[in-house]
Amino acid sequence: IISSTFQVKSEGPKLVPFFKATCVYFVLWLPTSSPSWFSALIKCLPIFCLWVFLLAHGFSFLGAHSSARKILAGLIFSALGDAFLIWQEQGYFVHGLLMFAITHILYSSAFGMKPLNLRAGLVITAVSTLSYILLYPYLSGPFTYLVAVYIALIGFMGWRAIAGLQLTNDLWTWTKLSACLGAVLFMVSDLTIAVNKFCFPVPHSRAIIMATYYAAQMLIALSAVECQDVEVARKRS
């Protein structure tokens with residue numbers, strides 16, 4: 001626990017640019033009715049800072065650990081998705097959806113398939129199915145199957161993140177908890193987007209969507225340093 005606390009504190013300073021960029025986004029609160037490259041930059045800036053956060057661990061670290069590289073790649077596709085969604089009313093919503101679908105595939109691969117944890121898989125399957133049942137009456141055309149595929153992908157990502165969290169044994173790590181919380185918040189953010197876009201207006205939807213989204217991405221980025229934790233522990237032992 002002491003070493004985990006030390007590791008969390010050591011990562012804190014590297015996240016300062018991310019917190020500042022997130023504050024800039026919420027302070028400026030640029031209107032979505034007039035999309036521009038400046039508004040896209042402000043929206044993507046916190047994600048750019050998470051790129052820097054991972055790169056700050058060194059190219060040798062990224063080169064040695066495929067999970068960290070996949071999370072970095074996921075963050076890159078996330079930024080592209082964010083940019084497309086700035087112009088979603090101009091017909092780029094599906095483009096953003098595709099970018100985030102690729103992000104979830106990369107994150108799922110980074111989290112891996114061990115342990116399997118079928119119980120968590122069943123819970124996520126139930127939640128994903130209920131979400132689609134809620135959305136289905138409001139969907140039409142290509143969105144009928146596009147949303148289904150997207151829900152399956154983000155649900156799979158959530159399962160792999162949650163499956164890694166084992167609180168009842170010594171395999172527990174703060175980075176696995178970070179991945180789990182990040183995945184859950186990502187699902188909350190995207191479900192809010194879907195309900196707000198397809199079903200009915202959600203009060204304060206933009207604030208809910210962006211707060212949970214930025215928190216999710218930060219937590220998932222933090223989970224990438226797990227392999228560094230393992231290395232440190234190995235050297236100490």
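Start at 1 and count along the chain as shown; that gives each residue its number.
Yeah, the Cβs are placed from backbone N, Cα and C, and that goes for glycine too.
TrEMBL does not curate its annotations; it predicts them automatically.
Since we're looking at a predicted model, the values are computed, not measured.
According to TrEMBL, the features are:
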type	residues	note
TRANSMEM	37-59	transmembrane segment
TRANSMEM	71-87	transmembrane segment
TRANSMEM	93-113	transmembrane segment
TRANSMEM	120-139	transmembrane segment
TRANSMEM	145-165	transmembrane segment
TRANSMEM	177-195	transmembrane segment
TRANSMEM	207-227	transmembrane segment
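The stretch in closest packing with the transmembrane segment (37-59), judged by the count of Cβ pairs under 8 Å and taken from 71-87, 93-113, 145-165, is 71-87.
Here the transmembrane segment (145-165) lies next to the transmembrane segment (93-113) in space: the count of CB pairs under 8 Å, restricted to residues six or more apart, reaches at least 3.
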